[in-house]
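Notes to accompany the following structure.
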Amino acid sequence: MKKSTPPSSPSNDTSETKKKSRFSFFSSKKTTKPAKGGKEQAVAPIPSPPLSPPSVSKGKSTSSPSKIVQISTISQGIFPQNIPRVEYMSSMAKIGGRVEDTVQLVYSRDLLIKASTIGATPTPPMLSAAQLEWTQEMEGHPLEKEYLYQLTGQMINKFIAHPSKDTETIREIVLLSPVLDKEQYRSLMNCFLLEFQHNSLIKVELVRGMTQLIQSASIGYLKADDLVEILRIIRTRQQDHKLDEYLFYLTLAVSKVLNAMVDDKVEGLDRVHEHEPLLKLLSGLRNKQDPFLKFQALYAFQALQWVPNDETKLHCGLRHFAGVVSGVVKISGVIQMDFQGFLGGLKDIQQEVSDIYDFVSSGWEDAKTLIEDGKGLFDSVKNGLGLGRSRPWYITLRGAERLARTGHLADLNELISTAPCREDPLFLWGICQILGEIAIDPTWGKVTRSQAIQFLGEIYTSMEGSKTHQDVQRWVLTILQTLTDLRGNLAFSSPGDEEAVRGQARALLQKLDSERITAFPLLYPLRSQEPLPKSSALLKEVNDNPDLELVLDRLRRQCWNSYNRDAIYIQALAKSSLHASEDKAIPLRERATDFIKSKAEVLLILGDSGSGKSMFNKRLEYDLWNEYKAGGQIPLLIDLKIIERPDKDLIQQHLQHLGFSPEHIQELKLSQRPVILICDGYDECNQWVNIHTENHLNKKSHWMNVKLVISCRSQLLKPNYRSYFEPRAADRYNRAKTRTLELFEEAVIVPFEKEQIKEYIDQYTKAQQTESCGEQAVWTTDQYLEQLSKMPHLMDMVKNPFLLKLMLDTLPSISVSGQDLSAITRVQLYDEYVVQLLSLALDRLFDQRSKMSQAKLDAFEMVENRFVESGIRFSRKLADYIFKEHGRINGVEYPPAEDEGETWKDEFFGPKHEATILRESSPLVYRKKVYQFQHRSILEYFFSCLMFTPELTPLHGAESIRPYFGFAPSLSSDPSSIASHPFGLHDLVSEPSIIGFLAERVLQSTVFEAQLQDIIRLSKKDSRLSQAASNAITILVQAGVRFDEADLRGVQIPGADLSNGRFDSAQLQGANLTGVSLRGVWMRQANLSDAKMSDVHFGEWPYLQEETGTICCAYSPDEKACAVLLGNGIANIYDSSTWEKICTVQGYPGNITDLVYSPNSHQIALRSAEESVGLWNAQTGEPGPTLQGHPRSVVFLMYSPSGHAVATASLDCTVRLWDPLTGNCFATLSGHEAPVSSIVFSLDGQRIVTSSEDKTLRLWDAQTNELVAVLSGHTDRVLCAAFSPDSQQLVSGSEDQTLRLWNGQTGAPGSVLKGHSSLVTLAMFSPDGQQILSGSKDDTLRLWNAQTGTPVSVLTGHTDAVTCMAYCGEQIASGSVDKTVRLWDAQTGAPGAVLNGHSRGITRVVYSPVSQRITSTSWDQTVRMWDVQHGVVHAVNSCHTASVTSVIYSPDGQQVASGSSDQTVRLWNAQTGAPGPVLSGHSAPISNVVFSPDGEQVASSSWDTTIRLWDAKSGTSGPVLSGHEGPVTSVVFSPVGHQLASSSWDSTVRLWNSKTGESGHVLSGHAPYTFITCLAYSSNGQHVVSGGVDSTVRVWDTQSGTPEHVLSGHDSAITSVVFSPNGQWIASSSEDKTVRLWDAITGVPGPVLTGHTDFVQRVVYSPDGTQLASISLDKTLRLWDAHTGEASHVMNGHESDPMIHAYSPDGLQIASGGADNTVRLWDVKSGQSLSVIESFHGPVNAIAWKSSPNGTYFATGSEDNSVCVWQAVKKNSQQEDHPHVRLRWSRAENALVLTNASIEGVQGLSASNLQLLRQRGADGAPAEAGKE
C-alpha cells in the first residue's frame, strides 16, 4: 500500500462549460439569502431535482412523479451558533491528587491535548476560563501531565493482560482512545487485532470497541499497511459470521477503516485480494432485511469507492481537494476546517463525476421506477442502487459528521440545507443518524438536544409525500421513539433535562405519526460511540496494583509538587575539603553530577548551619527526578532526623514510609536499579554510625548500585569524622582493587560571594514585588546593598543563605527602628524576624475575627494583648520539650502512633484553639505529618531563649515584650532550680549554635552575664550544677569574656570548651576540669594545683627536645620505635607509644646524614659522609657490621624489601650490595659515568633502579644483578626515582625540571611530566599507584595521573623549597624550609591544615598509621608530633597566618594595626581585640605599617616594591604608590600628615603626596646597589633622615628634595636613625657596634656611644629626649645620656638577640623583645628587669606603647603570627611602682600558653599531657602521671 500525494490543481479547460450544459446541477443565475446576522450573501441556486439527473427518455415514461423533497426550505437557524462541546464533561484532575475516575482521566488528558495546540492552529480550541486556568497550572507541573500519561499506559497494559475482556472493561479502555499517543494507540489496537485473530468467538462488545478505536485514530496513527491488515481481518470475520448484529458491527468497523484509508489517502488497494472480495461481500448484504445493516453496507461500499485500486479521474477529483478531505475527521476536534472551502470542494466533486452520470442516470431511472412501484429505498438498494461508482453523499456526510463532533452546529445546519446531495436519501439517512446522536447525548445540553429534535421534525416534514424518502421518514420516527424511552446519564444532566427531551420527542412523534409510515424496530444503540462505563474498574486495578514504574512516577510527582519552585535558589559553590582554598570552589551541582558519574559511592556535603545543604538536597532530588527516564537512576531524599534507625535497612524503611509495597521493594532490590540516596541532616539523627557500611550498601545480596549523598553541619564534626562516612577499607565487598579514597568524595559549601549575594537579593526583591502587588513600597536591590554596606561586620553572616534571608526580611524594620546597624548581631536578627512574623500573624488574625467561631474568638482574645510574647513563649516551651522528650530532633510526627496514647505533643499540636492559633502563627511548617521549625537554627534560637530573652518591641508600636530570664533573680537561694532547668540538664557544649546565640546574649545583658558567672561560682559548692557551669563558662569564653586573675578555685566544669579562652593568672586550684577542651588556651601563670585534669584535650602532642638540629627520623616498620638522627651524629631511638628513649646510637665516625630501618625492625643502618655504612642493633644500640669498600663517600642507602641486602650508592659511580648479617659485599653494579644519586628496589624485589648525575637511570635485575636497560632522556642530573606499588611503573625526577615515566620491568620510556619551574628533588607513587606526587625547589608539590602523566593538581602554599613529603593515610604531609608542615588532601591536592611550631626549616616528615601521628624533624632541635585528625578539623581564628613584622597604635589609641609576612595588614579594636578589616593587596611580606597623624589613613610598605594607602576605618584601599625598583624597607608619615617618605633597596628615598598618592621628589645619593635600611622625619617635618648599607646617614630637605648633610663616621651599615623629640639631634646605630649623635642643623658629629660588643640593632630616644636606649646582638640593652653620651645602665637578661625595644609613654619603662621568644619589661631608673613574658612561640619583632586613663598598654607582634596587647599593672598600692604584666587580648593561631602555670598536685594528667605542659613552661609536681 502507499499513500498518494496531492497533485497540482487541474487546469480550467473549456470542457467544463460543456459539462455544465449537459448536466445543469448549478445554474449560472445567482440568488441571495439572509446570512447569519441578517446580511445577504450570494449562493448557488438549489437544483431541482437535487441529486437526480435530468430526465432522459430511454423508452420509458414516468407517471405519478414523487413529490419533490424541499430540504432547502429547512431553516438555517435551527442551530443558531457553533458551540463548544466536551466529549466527556467531568472535573479536572487535582494536582498532586490521585485520579480515581476514567472519565476524569480522559477529560483531563483531552484538555491538555487541546491546550497544546493553542498558537499552533489558526483557530484556538474553545476552552472555558476555568479550563484554561487549569491547563496553564498544569504547564507548571509537567510531572502531573506525565502522571496522566502514565496512567493511560498502565491501563492499556492491564487491559492487555486481562484474562476476560468484559463489556465494562472494553468500554472503559476505548474511552481512552481519543487521548492516546501513537505508541499507546498502536499497542491497544494490536491487542484488539490479536483477539480477533486468535479467538473463534468474538464478543459484539469487542467489535464495537474496535470500531470506536478505529474511529478515534488520529491521522498517522495507522499506517497504510496497518489499515489493509485490519481490513483483511475484519473482512475475514464478516465471512465467518452470519448474525446480523455481528455483521452490522463488523461492517461498521469496515466503514471506519475505509474512512481512515480515505483520510490517509491510501491508494492501490489490491483488486484481487482485497478490493473485489470486499466489494462482493458488501454487495451480498443487500439481501439482508436489516435496514441499518444495509445502510452501513452501502456506506462502506461508498467508502471503498474512495479507496480505488487505480488512478481514475474521480480519484484525481478527490486529491484535488485532498486538503479538505484530510481535514474531515480529526478525533481530537482541534483542527479547524474551512467550511466554505469544504462546500466549494463538494461542487468540484460534482463537476469531476459528471462523466459517469450517464451510467448513474440509467441506474437512477431504474431506481425511481422501483420506488414509484412501491419499493422503498433499501428495496432499491437490494436491486442494485448505489452499487457502482462513487457518489458525493459519502464525502458530504463525512464532513457533516466532523462538524457535529467539533461543535460546528451552525455550519452543519448550513451544510444540510445547501449541500449538492442534500436530497439524496442516503445522505439524509446519515444526517438523521447524526441528529439522533446529538439528541440522545446529555453532554450537549438541553437546548442543543431540543434543537436536534426540532431539526428531525423539519426533515420529516420536508419529505412528506415522497416515496423515495419513506425509509428516511421511518428512520426519523425510529429515532424519536428511542428518545421517548431515554434514560440519560445523570452525571451529565439533571432529571428535569431528561424529562424535557423525552417530552419533546413524544410530542413531535404524536404530531408526525401516520398510519402509512411506521418506525423501524431499532436493533442497535442509537449512539455510534460506546456508552460510558458504569465504573472505573480498570483504573482502580491500576491504582490498587500499580507496576513499579507507576509507583515511581507517583513518587516523582510528590517530589515535584512538594518542591517550592518559587523559593529563592542560588547555585551553591563548594570546595573539595574543609581546608581547601575557596578560590577553587566550583558549583556544588557540578560536583554532585561528577560524583554520580564517577566510581565513588559516598559524597559528603559539609557546610555551616544555614549554608543551604537541605535546599541543595531538595533541589538535587528535584533535578534528578526531572531527568528521570524509565529504568534510570532513582533519587531518594531521606530526612535522617525522622528515621529511628538509620543504620538498619535505611532504604527499605524509607520506601515503606513512602507507601511502597513489599513486592515493589523487593523488585527494586533484586533488579539492582541504580539509586541516588540523598540523606539530609546526618548531624540531627543523633547516631554517629557509618550509614554506608552499616546498611551494607553495594554488597552482594543487599542494595547494589547505590550512590550515597549525605549532608552534615561542619560545626558538629567529630575529629575523626571521615571514618563515619567512608566505605570501610576493611570491607570492600570483593573489590580489592578499589581504593577507599576512590569511593569517598567530599564537598564543603563555601560562603556566598558578592555576586551570589546580589543575585539572591535580586530574586528576593522580585518575589517581594510580586507578593505586594504594588500595594506597599518594597525595597530595591540597591537599597538593601546600601544598608548592608553599613554593616561590614555582618558580611560574613550574610554569606549564609538562611541568615541572608533573615537579614532581608528584617532589615527594613530594623532601619526604621533606628538601631545601630553597625552593631547588630545574629541573635538580634532572629529576634527581629520572630517579632515581625508574630506581629504580622496578629494583624492577620485580627482581620479574621468576624470569621472565627466563638470558641476560637475567645481563645484569641485571651492572648491578643500579649500575642507576640505568647507566641515566643509557645515556641520556647516547644523547643524545651523537643530537647527533653524528642532527642533534640527538629521534626515531631503528629498525630502520633496509635499506641502512644496521650503525649506531650497534644499540648502543642492538639485541637485546642489557643494552641492552634499560636502554632499557626509560629515559624513552624507541617509536611508529611511532621511539624518542624522552619530551620534547625530557629529551634536552637528558641531553646536559647529559655535562658534569656531581652526586651523586644513588636511592630506598629504594640506593647514591648518583657525581658525573660530563665533563672531565678537570686540563684544562690535555690541552686537546685538550676540543676533541673534545661540549662542544667543538657550538654550545650555540643550545640555550637546555641552557645553562639547565648554568647551574643552575654553582650546584650550584663545581668545575664552575671547570672552565668554566678552559676560557675555556685558549682564550687554544689556538684549538681556541674553541667550548667560547664555550659556557662563555655558561653562566656566564646563571648570573649576574660578570666584573667579570676577566682575559679573548685569550679565544677567537666566537659567545658575553654578553647582560645584567656585565663591569665587565673586561680583554678581544685577545679574539676575533666574532659575539658583546652585548645589554644592562655593560662600563663594560672594556678591549676590539685585540679582534676583527666581526659583534657590540648589539641597537640609534646615535642622531643634534642641537643642539636634533627636531620631526619624514621618509624620502625613495626611502628614500635622511632629513630631520630641529630646533627651531631647521634641517633636516639624512642618508644613510639611513650616517647621514652630506648637507646642511643653514637660513636660512628664521620658526620651521620641518614638512617634506615631494616624491614624486620631489628636493625638500623647509618650513613655518614665517609666511605662506609654502619649497621646497629635497633633494640640495644649495639654496633653491628660496618660496610666498607667504597673508595669515596656513600651518598645513598637502602634495604631490599626482604631485608636480605643493603644497597649503597657512592660518589665512586657504583652501587654495592651487602649482606646485612655479615657485612660482606656480594655484588657491585657498575656503569654510571657520574655519582649515583639514589637507589630504589621494586616492591616485589625483582628490580633495582639507580639514578645518577650522568643524566641516566639504570635498571637492574635484582636476582642476577645484571643490567636490564639504560634509561636515557633527562637532560640534567637525575635526583630521585620511585617504583609503583605493583612494580610495573617507574618515575624519575631531575634537575631538568621534569619527571619521566618508564616501564618498571623493561625500562621502556613513557610520558614526560612537565610543570615544575625548578629542579625536582622528590617523587613517589600514591599507595594505590594511581597518582604520582612530586616536590621541587620551586616551593610546590604536584600531583599527576600515573597512567596518563597528566597533571591533577598543583599544591601551592609553601614559601620556600619543599624538603620532604609523605603519604599520611588520606592526606599528604610536606615539610619545607619555610618552617611549616602542611597537610593536603591526597586525592585532590586541596590544602588542609598548616602545622606551625618549628622555628627553623623542616628536614623530614614521616607518618605512623597506628598512632595516626605525623612526626617532623627540624634544624630547630625539636621533633614534633601532630595529630592527623586534629590537623583536619583544626579551625583557624581571625589572625595572621605568618610572622607579624609590625604593630602600631592609632593616634587616638582605639585601633591597632599589624603587618605580616602573610602579605596583609589587619586592623584590631585596641580595647577588645575584635578583628576589623583585613587590608589585602600586597603580593609580598609587609615591611612596615604606620598611621597618619590624624588617624584617618594607614600606610603599608612591602617587599613587593609598593606602598599602599588605606582608609583606617573601613579598610578601603586607596592609592597604590609605585616607583621603587626594589623592596620597600620603611615608610613614615610627616608630622602634619600631608607627606609620606619611603626607603628602598633601590638606594632611593621617595616623597609622596599622602592624599593623592602622587610621587614627589626622588632622593638619590646613597651608594648605588646598597639599600636604605631606615628613615625618620624631623619633628617639624622639614627634614627627613635616611641610613643605608653604605655606612652613611643623609639629611634631606623635604620641600626641595635636596641633600643637606652627609653624616659620615660609621664603619658599617646603618641599622636605625632617629630625630630627638626637639628635632635638634640625630642618633644613628650601626653594625659597627656604635651609636653616634649628630647635630641635626649643622651635621656636625657629636658623641660616639661605645660599649656594645656586637651589632647595634636599634636606638630610640626617651619621650622627653633626655635619654637614649640601644639594643645589640650582644644580648644587652644600654641606656645613655642623650647630651653627653655617657652610659647609665647595661640591662642583661635576654638569652638571645634582642630585636626590638620601645619606651613607655611616660618614659619610665622600656619593653624589649627578642629572638629568645620573650618580652622583658625594664625599669629605666634602675635598669632592673620588672617582668618577663615567656608566652611566645617565636621571636618578637614589634612593640608599640599607648597610654590612656585606664592604664598603660603595649602591643607585640611575633613570628608565631600573634598580635597581643598587654597592660602594665601595679601589683598593689603598698609596693613600689613596679608593675606586673596582664594580657588584655591576643590574636594568634590557637597558641597554647602555659608559661609558669602551676600543676602541683594535679590529678589524672596523662603522661603525654604532663610532658606537653612542662614543655610549655608549667611547673610543679602532679599527684601522679596517668597512662595514655
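Glycine is treated like the rest: Cβ placed from N, Cα and C.
Annotation comment: TrEMBL describes 1-14 (among others) as compositional bias 'Low complexity'.
Taken from TrEMBL, the feature compositional bias 'Low complexity' applies to 54-64 (among others).
According to TrEMBL, the domain 'Arm-like repeat' annotation covers 141-484.
The domain 'NACHT' feature in TrEMBL is assigned to 602-767.
Annotated domain 'WDR90 4th beta-propeller' per TrEMBL: 1236-1369, in sequence order. Per DSSP, the secondary structure of the domain 'WDR90 4th beta-propeller' (1236-1369) breaks down as 0 helix, 77 strand, 57 coil.
Here TrEMBL flags 1-64 as region 'Disordered'.
The repeat 'WD' annotation in TrEMBL covers 1145-1186 (among others). Mean pLDDT for the repeat 'WD' (1145-1186) in the predicted structure: 83.
For 1187-1228 (among others), the entry in TrEMBL reads repeat 'WD'. The DSSP breakdown of the repeat 'WD' (1187-1228) into helical (H, G, I), extended (E, B) and coil residues amounts to 0 helix, 20 strand, 22 coil.
What TrEMBL records for 1229-1270 (among others) is repeat 'WD'.
Per TrEMBL, repeat 'WD' is recorded for 1271-1303 (among others).
TrEMBL lists 1355-1394 (among others) with the feature repeat 'WD'. Remote same-chain residues near the repeat 'WD' (1355-1394) are listed as 575-581, 584, 722, 741-742, 745-746, 1318, 1321-1322, 1324, 1326-1327, 1331, 1333, 1335-1343, 1400-1407, 1409, 1412, 1414, 1416, 1418, 1420, 1424, 1426, 1428, 1430-1432, 1434, 1441-1442 (criterion: CB distance under 8 Å, separation of at least six residues from the stretch ends).
According to TrEMBL, the feature repeat 'WD' maps to 1395-1429 (among others). Long-range contacts of the repeat 'WD' (1395-1429) within its own chain (CB-CB distance under 8 A, at least 6 residues past either end) are made by residues 719-720, 1099-1115, 1119, 1122, 1124-1125, 1127, 1136-1137, 1139, 1360, 1363-1369, 1371, 1373-1383, 1737-1738, 1759-1761, 1789.
The DSSP breakdown of the repeat 'WD' (1437-1473) into helical (H, G, I), extended (E, B) and coil residues amounts to 0 helix, 18 strand, 19 coil. Under the heading repeat 'WD', TrEMBL lists 1437-1473 (among others).
Residues or ranges marked as repeat 'WD' in TrEMBL: 1479-1520 (among others). Same-chain residues lying 6+ beyond the ends of the repeat 'WD' (1479-1520) with a Cβ under 8 Å from its Cβ atoms: 792, 1442-1443, 1445-1452, 1455, 1457-1467, 1526-1533, 1535-1537, 1540, 1542, 1544, 1552, 1554, 1556-1557.
Positions annotated as repeat 'WD' by TrEMBL: 1572-1606 (among others). With a cut-off of 8 Å between Cβ atoms, the residues of this chain six or more beyond the repeat 'WD' (1572-1606) that come close are 1529-1536, 1539, 1541-1545, 1547-1549, 1551, 1560-1563, 1565-1566, 1612-1619, 1621-1623, 1626, 1628, 1630, 1632, 1638, 1640, 1642-1643.
TrEMBL lists 1607-1639 (among others) with the feature repeat 'WD'.
Long-range neighbours of the repeat 'WD' (1607-1639) within the same chain, counting only residues 6 or more positions beyond its ends whose Cβ lies under 8 Å from a Cβ of the stretch, are 1573-1580, 1583, 1585-1595, 1645-1650, 1652-1661, 1663-1665, 1668, 1670, 1672, 1680, 1682, 1685.
Cβ atoms under 8 Å from those of the repeat 'WD' (1145-1186) belong to residues 1111-1112, 1114-1118, 1120-1121, 1123, 1125, 1129-1133, 1192-1194, 1196-1199, 1201-1203, 1206, 1208, 1210, 1218, 1220-1223 of the same chain, restricted to positions at least 6 beyond its ends.
Only residues 6 or more beyond the boundaries of the repeat 'WD' (1187-1228), in the same chain, are considered here, and those with a CB under 8 A from a CB of the stretch are 1154, 1156-1160, 1163, 1165, 1167-1175, 1234-1245, 1248, 1250, 1252, 1254, 1262, 1265. Counting residue by residue with DSSP, the repeat 'WD' (1395-1429) contains 2 helix, 20 strand, 13 coil. Taking DSSP states H, G and I as helix and E and B as strand, the repeat 'WD' (1479-1520) has 0 helix, 23 strand, 19 coil.
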